[in-house]
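Student: My questions all concern the structure below.
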């Protein structure tokens with residue numbers, strides 16, 4: 001069998017990985033202006049950006065490709081590529097101007113060493129670079145934020161100014177004993193005078209600047225910056241409240257000011273990556289007087305403000321603050337001229353049948369409005385799928401654009417003048433690029449999709465969704481009658497299922513989910529002959545707010561039992577080899593994997609844990625998300641929390657370290673030394689405990705890697721070591 005050959009020959013697995021890892025993924029798309037041909041036809045260009053792993057350069061490369069879409073205003077007549085792909089090097093951000101005649105690009109260039117790189121803001125027009133500004137040399141601010149949390153690059157409606165977010169310029173600092181700074185002739189009076197803005201402050205060279213945690217380590221104090229394209233002048237906007245950090249900004253109607261999200265950073269910052277619950281609000285700062293106005297509830301959390309095409313309305317997502325990191329959100333509408341805020345879509349406690357289960361997305365697409373400024377289009381997890389939806393902002397009615405179609409998952413890249421650009425994939429189909437027009441209100445389910453880039457299905461992979469109902473003794477008393485799901489991938493060419501080993505993968509979060517989309521590792525393992533079980537235990541997103549709220553206070557118990565129940569059900573129904581079952585999980589998935597080999601040591605023959613949570617007690621004082629430790633253990637979080645014996649006992653009771661004496665499963669640990677979310681000392685603590693008890697354990701420590709272990713060199717090495725570990729402990 002092919003499975004046995006690949007398991008016994010690592011080079012075969014490496015060749016398979018090299019092939020499948022070449023599958024690119026879409027990262028962005030934008031639509032050019034509408035053009036009328038000399039014969040009266042209409043067409044638009046679609047500019048797409050992709051990423052792909054390059055194993056020879058050991059990096060993720062970015063490239064772009066353009067397509068032409070001919071249409072009649074309501075449907076696509078013809079579509080196809082307009083040339084080959086071109087690699088884009090150094091681009092951090094790019095944005096088309098409102099008219100489509102110009103494009104702004106933030107680019108890094110310069111030294112080979114990371115710290116020597118410079119940032120340039122370029123303005124392109126037609127076939128030439130119109131302007132280029134060396135932001136690093138101008139020294140108005142620090143590095144520009146290119147992330148999707150704070151970062152933005154926004155054209156003014158007049159197309160004369162650019163708005164972006166950058167790190168606040170830090171004062172120069174030096175030692176008291178730096179010779180060139182000493183001035184022995186200065187009098188006491190001169191020493192007491194205020195320092196000049198550009199004069200170095202003595203003794204401040206080691207002052208601590210608190211950052212925003214995982215993947216945001218260089219980002220501390222963001223400021224809003226405006227570039228005047230004609231004059232080249234850069235101004236840092238004033239009026240932003242001192243207690244918030246601004247981001248996700250755009251120009252207000254008429255360019256009278258700037259709308260932005262402000263995140264509270266007092267009394268200190270918590271990690272913001274993957275955390276939609278950070279206290280924040282929507283603000284407007286007037287450019288003429290510098291007055292700042294609060295536009296939303298300041299006690300909650302907001303993100304993704306998006307201005308309608310008619311410049312009359314702003315929609316945004318709103319979440320409870322200091323609760324589970326990710327949960328069902330509300331969609332709000334702010335009328336710019338009446339100043340009235342209205343709720344469009346509320347939190348959904350439970351999904352009723354096949355109905356809408358709520359909004360579960362961390363960001364709305366930059367382009368999400370219909371042409372008439374009445375409907376908003378977005379993608380959201382719905383159980384174990386991700387679908388596209390249109391919501392009428394006047395009535396609040398939500399309609400699926402993809403229900404009843406192919407059972408994969410969709411992602412909206414953009415919509416402009418009702419032309420949608422979307423990505424579609426399944427567990428055995430890499431991402432495809434599709435376009436289609438948003439139908440009139442009431443006919444949303446009749447979208448006609450046209451493929452611009454069609455991926456080839458990966459053969460010999462069969463997949464499906466399993467609906468699971470916990471047994472009566474595992475019901476949650478407060479949130480009863482909740483079900484959950486698992487996605488099962490299995491080789492379709494296996495003549496004898498009893499010889500098929502299985503890898504069980506619980507997701508991280510815990511409030512995230514697996515969806516029926518393309519994922520490299522599960523597809524790879526399935527091609528090698530493994531069945532792969534992806535478990536969306538109770539607490540996963542997409543199943544209603546009640547499911548999410550059922551887990552805090554029950555981690556290490558409810559989620560563990562759900563995964564074990566899913567494993568037992570699938571083994572019973574599919575008759576896979578129960579002697580060869582392995583676990584593989586990262587973060588909270590690693591937490592569950594280590595729990596399972598301690599609570600059910602007879603079930604699992606191998607375990608791979610990536611940056612796992614091991615001891616919630618010791619994690620509390622070292623992670624960038626101490627609120628996670630409290631909330632998921634079942635306690636409210638407050639910034640002034642001090643250790644409490646009862647709380648610490650509960651944390652320990654819910655930690656995998658408690659079950660160390662029962663563990664006998666061989667464990668492969670993979671840790672990122674720069675992980676701020678689950679510091680690598682967590683895995684090291686587990687490693688020492690296993691070594692002391694003679695349990696087979698191997699530790700891989702990646703020096704420059706972060707929580708996701710997603711760098712190309714790290715990802716490829718971790719996969720090959722996973723294959724070797726499975727081969728050693730499951731056999732072929």
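Cβ coordinates come from backbone N, Cα and C, glycine included.
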Student: Between 187, 231, 288, 587, which does Swiss-Prot record as phosphoserine?
Tutor: 187
Student: Within 10 angstroms of the C-beta of residue 587 (active site, charge relay system), what count of other C-beta atoms is obtained when all protein chains are considered?
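Tutor: The answer is 24 other Cβ atoms.
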Student: List the Cα distance (Å, whole number) between residue 675 (active site, charge relay system) and residue 587 (active site, charge relay system).
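Tutor: Computed Cα spacing between residue 675 (active site, charge relay system) and residue 587 (active site, charge relay system) is 11 Å.
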Student: Cα distance, residue 587 (active site, charge relay system) to residue 707 (active site, charge relay system), nearest Å?
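Tutor: Pair distance, Cα basis, whole Å: 8 Å.
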Student: Looking only at DSSP and grouping its letters into three states, which state does residue 587 (active site, charge relay system) belong to?
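Tutor: DSSP call for residue 587 (active site, charge relay system): coil, neither helix nor strand.
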Student: Relative to the Cβ position of residue 707 (active site, charge relay system), how many further Cβ atoms are located within 10 Å?
Tutor: 26
